[in-house]
């Protein structure tokens, strides 16, 4: 076999992505002396349910979370037992995703597709109201044994495209490769190749090293992003790549590393049929050559994309209606009494089954009493089918998988990099993001400069004996320099969704992210403190001593960093910006901490004297002028308060940073607020016709990425209107053109 060019991504892709995968598979299998290890995912009697509040018909619907609504909910919860209902998300499903095969998951929105993929990838958001039962195994290894390491060998792509808008496509991929792939090949991979012949070892290592080195460039080219690789990703507010390109960035970002299974959720949103075909065909080659296990959820795949899949899984209302070979799916439903029209796409036909549209497909020799109509009937028929029985037989008698050192399931590392490497990688990224937010940086520097000049000119060379004026300016300084950090609260909350995605994929440790984000703020805090503090201090006429000026700047800097850490913690602990902003305003009560600045000013030698302004304060009041001025405002008079204030800021900063780390690690707001279960929806289950109507209506309104999909109360349907017309004429007067010369 001809050796490919190993010195560039173009050389590796000279014969196409399929040939590159084939060359790599041949080299690795040659070196190992056996096929590449596979990962099989099986689940048995998997059930997910949630206990949610029950809302009576006519009661208030879901409300926007505010401090008042949350306090009201908490008080009512303490003094009354709110009625709840159980919402079943997955209803005891059983199946297996086989390696070397690519599976298509179909289903109406709210059918449970995303919940299944999230649970199998370890990304399902758990809480005390969620109950999970059943068994999930990976190569016969229980899910609990490998839960922390699942993201190392199973990739999951979400429907949402959460990215840092300031980063380019190339930088996004390079960061993902560094976090998931590391700087070099994994030690366990090199160890697995030690027992082969020297030439086989060299060929395999060279190929794997080259693909590892150019992984980001290869991913850019294979996803058709070469033209926009240096364009920022952007978002709704910042112009960047298109929506379809952003979706491809999401798909590529989450598949870096030595992934043996890919769970791709709605990757075709915003893409045309040709691009979708290329992407699916590319990942399909991973199953053929690299023995990967690919599961793709699509909403309405075109026929050419549908034909690329080996297996099809159809879900409805948390149940499996079919899971088996694609070639047999149409025949299976034909035997149940449903006929696909000649010019109807098979995928669209399958999506209509289990909804009110299915009645149009009932074959003439079948009556509706003989065909399944509801999801529970479809699921029961499938459990009785030979296809399902064959799957059960396969799960019972499948051969043992070759679990050796090359198998990623045996890799004991939860993260690819060490904590220090994580910190350096994330810190570099955060610095670039900060520097590219030029609008905020220039705007903040300009505002600091202008406000400093305004404060300095208004309080120009203040009267030293007017303590209220002196203290008032100190308070204004701390208020402005500290509360100015509140502008970053929306930015912190927006970045949180990106953190959830990347931390869930084990890109880095939570501590590395918190430390990197905190350290990134320090240089800009120093710049703002020096720029603002120097102007106000000298124009305001404070004590002209170097040590007092430095103490003034240090106190302002520590106060600013404390509030930055406080707002960062607030963004981590708040469910939404609606909750965070009111709490942010309460933080003004912490401004009693200006006592450090006040003591620093009035205990200077200039003021800590008996006679000042012609008045002997020692003989009249028994204390110096500086201490007397502090006592007038009820402030302490000991110099120790300067250092106690600094200690408070430092300890508080450390506590807030650690608290933010704990919240981000153990409390994540990855799912929307729970929507109450409506009594009318529960009653509808008693009647088949009403239940079928609800399924049809909900299909277009329930978002698929919601972890717990609840059908909310809807307005009654508008009555049908007939529009008739007869002898309708429409005419217009046209000016005759002037034909005269």
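Indices start at 1 and increase along the chain as displayed.
From the backbone N, Cα and C atoms, a Cβ is placed for every residue, glycine too.
In TrEMBL, the feature transmembrane segment is placed on 549-570, out of the ranges 395-416, 417-438, 549-570. Per TrEMBL, the listed range annotated as transmembrane segment is 468-489 (candidates: 468-489, 666-687, 688-709). Check TrEMBL against the ranges 441-462, 617-638 and you find transmembrane segment recorded for 441-462. Checking the ranges 365-389, 640-664 against TrEMBL, the transmembrane segment annotation falls on 640-664. Remote same-chain partners of the transmembrane segment (441-462), defined as residues 6 or more beyond its termini with a Cβ less than 8 Å from a stretch Cβ, comprise 434-435, 469-470, 473, 476-477, 480-481, 484, 487, 524, 527-528, 531-532, 534-536, 538-541.
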